[in-house]
Each structure stands twice: as structure tokens, then as C-alpha cells.
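Below is one structure, written out as C-alpha cells, with a few remarks after it.
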Amino acid sequence: MRVDSSADPTMSQEQGPGSSTPPSSPTLLDALLQNLYDFGGTEGETEQKKIIKKRENKKRDVMASAALAAEPSPLPGSLIRGQRKSASSFFKELREERHCAPSGTPTGPEILAAAVPPSSLKNNREQVEVVEFHSNKKRKLTPDHNKNTKQANPSVLERDVDTQEFNLEKARLEVHRFGITGYGKGKERILEQERAIMLGAKPPKKSYVNYKVLQEQIKEKKAAKEEEKRLAQETDIFKKKKRKGQEDRKSKKKSAPSILSNGRIGQVGKFKNGTLILSPVDIKKINSSRVAK
């Protein structure tokens, strides 16, 4: 695409050597915008080319802003000349890039990687957290003072328990000894013997008896038990007979109804108009009381 020098006032001003009055800045900006519209208004462009152009324009804007920020502020007299040179160089770059198309557009991550300075990466590396792992084996190698104290404490506790048990045993034996004194002399000796065996003394040997003598002793014991049972039965029979006689007498007394069953003292039946009226129940009571006497 060709750019007319007549349409661009900046180009005409640069070509004309005898131009005495430089144009104002608003007219220069208007001319730049017209050239941009003419340059980007070609027909038959595909959507892909439009996207590529947009990306290129964005990159150029970013680069231009960065260059302007980096450059020192120029003097007020040299502003117009700098604007003219930047406009002419801008159009030249556009033409060159138009003729030789770019091989590939850089992607987003590449642009970000280029924009990020290396100092920030170093800071990120320094901010990485460091985690230390301590194994349990190393801890076991170091002597534990707490364990030694724990091992010493159980021995003290065992001693305390032993003393407590000893005191309880002693108290139990004292109570047992005091209880033995309450019995007679004959039984007291037997209980003392049992107490000595309980404390650890050897029991006395059993007396050996002949087999025939032992059988006779067993028979005598059986006979004594049978006699006791027979006497107990006889006494029970005698007591039962007495109880039966007493119960019979009580039952007879209960069966004989009393004349004073109505609760009135010396009165039988009911008085009505000066006459005593006896019911058949009252007559039966009177007859039964006479028979009982």
C-alpha cells in the first residue's frame, strides 16, 4: 500500500526545505489518525489478519509507552521535530512489516515471561518454605530424663503399697488375736493352734486309729444320731397332740354363737309397741347357747 505524501502534512513539511512555520500539534495528530485509517481500511482482509494486526498494534503501543517513559523529557523547542521523526519512523516500520509477514505471533505466557524481571524470580525462589523432617530414631538415641524419673517412681509406689499391705495384715492379726480371748480355755487353745498354722506353722500329724476301732466309732456315731432323731419325733408327736386338743377347744368356742352378738347388753330381739319380737335366727342362737352349756 502506498501512502500519499500530499495527504500527510508531516511528510510534506519534512520534504519542503523552506517551510518556515511548523504546524500545530492537533493538526499533526489528525493527519496521523487519517493515515492510520487509510492504512487499515484495505478490503479483502481475513479475520486472522485483523487479529494479527490488533496484536501488533498493541505491542507497538506498549513498546512506545515504555520507550517514552525511559527517555528523558526533551526540551519544548525540539518537541515538534521529535513528533515528526517518530511518525515517519512509525510508517516505515509498518511498511516493512507489511511486506515481510511475521513468522509467528508470540503467545501470552511468552510475553509475560519477557515482561517479568529476573529480580522478582529470585525473590520468589528465596520465599520458598523449607520443611525439616526429624526422624524418631534420633530422638530415641538421646537419653530421656523423664523415663528415668518414671522408672524411679514405680519403685517408690511399690514400697508404699507394701507398707500399706503390711499394716493391714498386722491389724487383721491383732483383731483375730483379740477375738480368741473371748472363748474358754479349751477352745482358745484350738483357735491359737489354727492361728499358728495360718501364720505358717506346720500342722500336727493326725492320730492313726485301727480300722476296726474306726468302724465301731462310726457305728456309735450313727446310733447316737438315730436316737436323737427318734426323741425329736416323739417330742414332736406329743406337742402336736397338745396343739390339736387346744385347737379343738377353740373351734368349739367359736362355733357356739353368743347371745350378745348384736352388741346390745341383755337384749335379744327387737321391741315393737311394748312387745319383744324374736326372729328365727335369735331363737336358734338361744338354743345353741343352752346346748353348749
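The backbone N, Cα and C atoms fix where each Cβ goes, glycine too.
As annotated in Swiss-Prot, phosphoserine applies, among S25, S73, to S73.
Between the listed residues S86, S120, S135, S258, Swiss-Prot assigns phosphoserine to S86, with no corresponding entry for the rest in that record. Checking the candidates T10, T42, T107, T163 against Swiss-Prot, the annotation phosphothreonine falls on T163. When you go through S78, S88, S155, S207 in Swiss-Prot, the residue listed as phosphoserine is S78. The DSSP secondary structure for S279 (phosphoserine) is coil. Non-local contacts of S279 (phosphoserine) by the CB criterion (under 8 A, 6+ apart in sequence, same chain) comprise G269. By neighbour count, meaning other C-beta atoms within 10 Å, the densest spot among the modified residues S86, K185 is S86. Recorded residues K185 (N6-acetyllysine) and S86 (phosphoserine) have their alpha carbons 140 Å apart, per Cα-Cα distance.
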